[in-house]
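Here's what TrEMBL has on this protein:
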- 39-61: transmembrane segment (TRANSMEM)
- 81-98: transmembrane segment (TRANSMEM)
- 110-129: transmembrane segment (TRANSMEM)
- 135-153: transmembrane segment (TRANSMEM)
- 165-188: transmembrane segment (TRANSMEM)
- 194-217: transmembrane segment (TRANSMEM)
- 229-250: transmembrane segment (TRANSMEM)
Amino acid sequence: MLHSFTLQLKQTASDIWLFLKNPKDQPEAHKSTADKLRILLLVLLLNMTLTFAFMGVMQLLKLMGWHVNSSHSVLEMMRSFPIWAFLLLGVLAVPLLEELIFRYGLRFKSGYIALLAVAAAIVLSNLAYSNLPLVGAMAVWGILGIALVLYALNADKITGFLKKVWGKVYGVFFYFMALGFGLIHIANFTDFDYASAAVLLIPILVAPQVIGGMLMGYMRVKHGFRWGYFMHAGHNALLFGLAFATMGMLDEKLHIQNENYTLQVEEHMLHDKTALSSRFIGVDSVGFENQKLHDVILALLDREESLVELDKKKHQYTAIDLHFKAHAAPKDIKQNKQLVLEQLQEVYKFDVVYRSQQMDAWDVAIADSSLLATNAVADMGKSTVSYNEDAITFENVTLGELVGAIETNFEVGLIAERELLESGKYNFKLPKGDFEKAKEDLKTKYGILLKSRMELADLAVVSFK
């Protein structure tokens, strides 16, 4: 049985090689569904073998310090979408769309030429509308309309001419589509630096997709459109299934050990919000467990969130474990945090710049102490701040805890005397997401007044490349 399988695999590889040496628009002689399924599985096996080989090369490059895949759009989608929605999109919908664009036209059909002409007209019309004045756009629409009418009147002649040259240019067209299919996937590497030497890696990064495009093209030409689609869907299903099976693992992004310090950064493939998380910043050590990258950056910057402008579109679902230990004296908390932040900048490709900016700050004052006293409670030990869709509820909190939650929720800066922040325990309830209403409630229900003043603040701007 193994011998038979080996022979079939060799024969399939030989057939593919003969086709790729000189691609022709010639479908295979009639085969049964069972035969086509067998060929599909064999081609898929060859494809996955080559894919894993190139993935191994990319992993080797990463270990050498190239960091070619520190951010990947597919991984971000896996983290943000429900599993069923991601699989529906990644295994069924996207492969169908890509097959229609890159493989449907590999067989000559007059209907496809007409469809291509209409699609090109629509794209050009939209470009004209977006980039030209209305008069210019209308002129382009008129020209395109005339061109479509002329095409419709001469469709048979145009189709006949294209059919004559089809065989001569088919090989170039086939490889052009396979290369195009591969190159669009470079966009998956969302932090790719096109201005660096990393551009030399593009052939390796897109090689699995280029090879996949060739093999899917082979299935489409030889056995029909649906079989190319089945292969594409099967390829994605296997890769994504493997990815989901390993989502609980940690991916080591950085490991530095020298005489001065030890630093390890590991990224969670999937952030488990229900798992325990912790953070510690001490004289000679820094530690984060199961913490979102954005929160780690904020903690290392050591400033109020209202004084940080953070690009939250990238890495919004990335969670990491970070362990830092300083070995050499002197051991300085601020210096250690800055060192860790700089290393994270290298791994996750972000910049931190500082600028002075006038910001609206708010002085906290007690306007009616008797009204505030009606909300005082006996110290129960534990304080809680809970959120729902409409409100923030505070139980057994100090004014300092109230101020901190307001700053976080409304992204504003509050200024109050230390004695005031540490005095008493209270219960409060404020509307969520409406700062003006919260200010009014603080004044009328709790006797706390927020007075506006402008202040020059040192703003930290964090931007991902």
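Every residue, even glycine, has its Cβ placed from backbone N, Cα and C.
In TrEMBL, annotation is done automatically, which means it is predicted and not curated.
For the transmembrane segment (110-129), the list of distant contacts is 104, 136-137, 140-141, 144, 147-148, 151, 155, 158-159, 162: same-chain residues at least six beyond its ends, Cβ to Cβ under 8 Å. Non-local neighbours of the transmembrane segment (81-98) in the same chain are 74, 181, 229, 232-233, 236-237, 240, 244; each lies 6+ residues outside the stretch with a CB under 8 Å from one of its CB atoms. Cβ atoms under 8 Å from those of the transmembrane segment (229-250) belong to residues 40, 43-44, 47-48, 51, 75, 78, 83, 86-87, 90-92, 94-96, 98-99, 103, 212, 215-216, 219, 266-270, 272, 321 of the same chain, restricted to positions at least 6 beyond its ends. Counting only same-chain residues 6+ beyond the ends of the transmembrane segment (165-188), those with a CB under 8 A from a CB of the stretch are 22-25, 72-74, 98, 102-103, 105-106, 108, 202, 205-207, 209-210, 212-214, 217.
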